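Asker: Annotation comment: Swiss-Prot describes Asn7, Arg18, Gly192, Gly213, His214 as 3-amino-2-oxopropyl phosphate binding site. What Swiss-Prot lists as 1-deoxy-D-xylulose 5-phosphate binding site is Asp9, His10, Arg45, His50, Thr100, and the listing cites sequence analysis. Look at Swiss-Prot and you will find His43, Glu70 tagged as active site, proton acceptor, backed by sequence analysis. Positions annotated as site 'Transition state stabilizer' by Swiss-Prot, on the basis of sequence analysis: Glu151. Among the features that Swiss-Prot reports, active site, proton donor is placed at His191.
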Amino acid sequence: MAKLGVNIDHVATIRQARGGVEPDPVAAAALAELAGADGITIHLREDRRHIQDRDLKLLRQTVKTKLNLEMAATAEMVAIALSVKPDMCTLVPEKRQELTTEGGLDVRIAMQGIAEAVERLQNGGIAVSLFVDPDPDQVKASSKVGSDYIEIHTGAFADAKDWKSEQDELERIGNAIKLGAKLGLGINAGHGLNYTNIRKVAALGGIEEYNIGHSIISRAVLVGLDRAVRDMVDLIKYA
């Protein structure tokens with residue numbers, strides 16, 4: 001059965017809006033795990049707009065399932081990861097002005113730098129995933145640089161405006177899953193997935209873990225984090 005990694009970045013976003021200490025992402029992570037999450041995902045951005053270094057260190061000490069650190073492939077972030085030792089690092093592109101990650105890594109353009117980051121992290125005992133668009137060239141490049149996993153960027157599917165566009169994106173995702181598996185890559189997926197569209201992606205099969213944040217935290221505001229996580233776990237489990 002596919003697993004659920006809950007991204008708690010937006011718990012930190014709410015905290016940072018007032019510059020205080022609440023809500024606490026560490027407490028949110030514990031509640032998510034108790035509700036059935038198989039892992040906790042955070043993105044330590046270079047501008048520290050939500051998750052802070054202290055959060056990462058505390059989460060490493062408290063997370064009982066799996067800690068997945070999303071990060072840019074920079075020397076600073078690699079050094080932090082090697083110090084803290086999350087279970088997995090997912091390398092993502094980063095732009096200072098974006099509200100959220102807007103697309104996948106262009107692994108083909110930056111193969112040398114990404115390959116070096118992948119090697120350093122793996123030598124430190126950390127599994128590595130690359131966040132890529134469902135593009136066969138990017139999947140192949142991810143394999144060439146030695147990544148353990150890819151996380152397929154599902155944003156274009158989530159943003160599709162009509163049935164035809166949605167089906168086209170599902171086909172792209174399905175093809176990326178098959179190619180990645182053929183190349184020996186583990187397959188994760190995320191971005192824009194919610195309670196309405198998750199089953200369509202889950203029906204494709206072949207995905208080991210979904211990393212979902214915004215929709216779960218949004219629902220948690222209305223029904224509580226425990227129920228929000230349990231509802232998503234059920235959707236994935238019974239897809």
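Cβ coordinates are placed from backbone N, Cα and C, and glycine is handled just like the others.
What you are looking at is a predicted structure, and each value in this text was computed from that prediction instead of being measured.
Give me the local environment of each listed feature.
Answerer: His214 (3-amino-2-oxopropyl phosphate binding site) carries a helical DSSP state (H, G or I).
Look at His50 (1-deoxy-D-xylulose 5-phosphate binding site): DSSP puts it in coil. Taking Cβ-Cβ distances under 8 Å and a sequence separation of 6 or more, the neighbours of His50 (1-deoxy-D-xylulose 5-phosphate binding site) in its chain are Asp9, His10, Ala12, Thr13, Arg15, Gln16, His43.
For His43 (active site, proton acceptor), the Cβ neighbour count at a 10 Å cut-off comes to 23, with all displayed protein chains included.
In this view, Glu70 (active site, proton acceptor) is surrounded by 27 other Cβ atoms within 10 Å of its Cβ, with every protein chain counted. Under the DSSP three-state reduction, Glu70 (active site, proton acceptor) is assigned to strand.
Of all Cβ atoms in the shown protein chains, 32 besides its own fall within 10 Å of the Cβ of Glu151 (site 'Transition state stabilizer').
For His191 (active site, proton donor), the number of other Cβ atoms no farther than 10 Å from its own Cβ, over all displayed protein chains, is 26. In the three-state DSSP classification, His191 (active site, proton donor) falls within coil.
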Asker: At the level of the C-alpha atoms, what whole-angstrom distance separates Glu70 (active site, proton acceptor) and His191 (active site, proton donor)?
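Answerer: Taking the Cα atoms only, Glu70 (active site, proton acceptor) lies 13 Å from His191 (active site, proton donor).
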Asker: Specify the nearest of the binding-site residues Arg18, Arg45, Gly192 to Glu151 (site 'Transition state stabilizer'), where nearness means the distance between Cα atoms.
Answerer: Gly192
Asker: What residue among the binding-site residues His10, Arg18, Gly192 has the most other CB atoms lying within 10 A of its CB?
Answerer: His10
Asker: Across all the protein chains here, work out how many other Cβ atoms are within 10 Å of the Cβ of Arg45 (1-deoxy-D-xylulose 5-phosphate binding site).
Answerer: 19
Asker: Measure from the Cβ of Asn7 (3-amino-2-oxopropyl phosphate binding site) and count the other Cβ atoms within 10 Å, all protein chains considered.
Answerer: 24
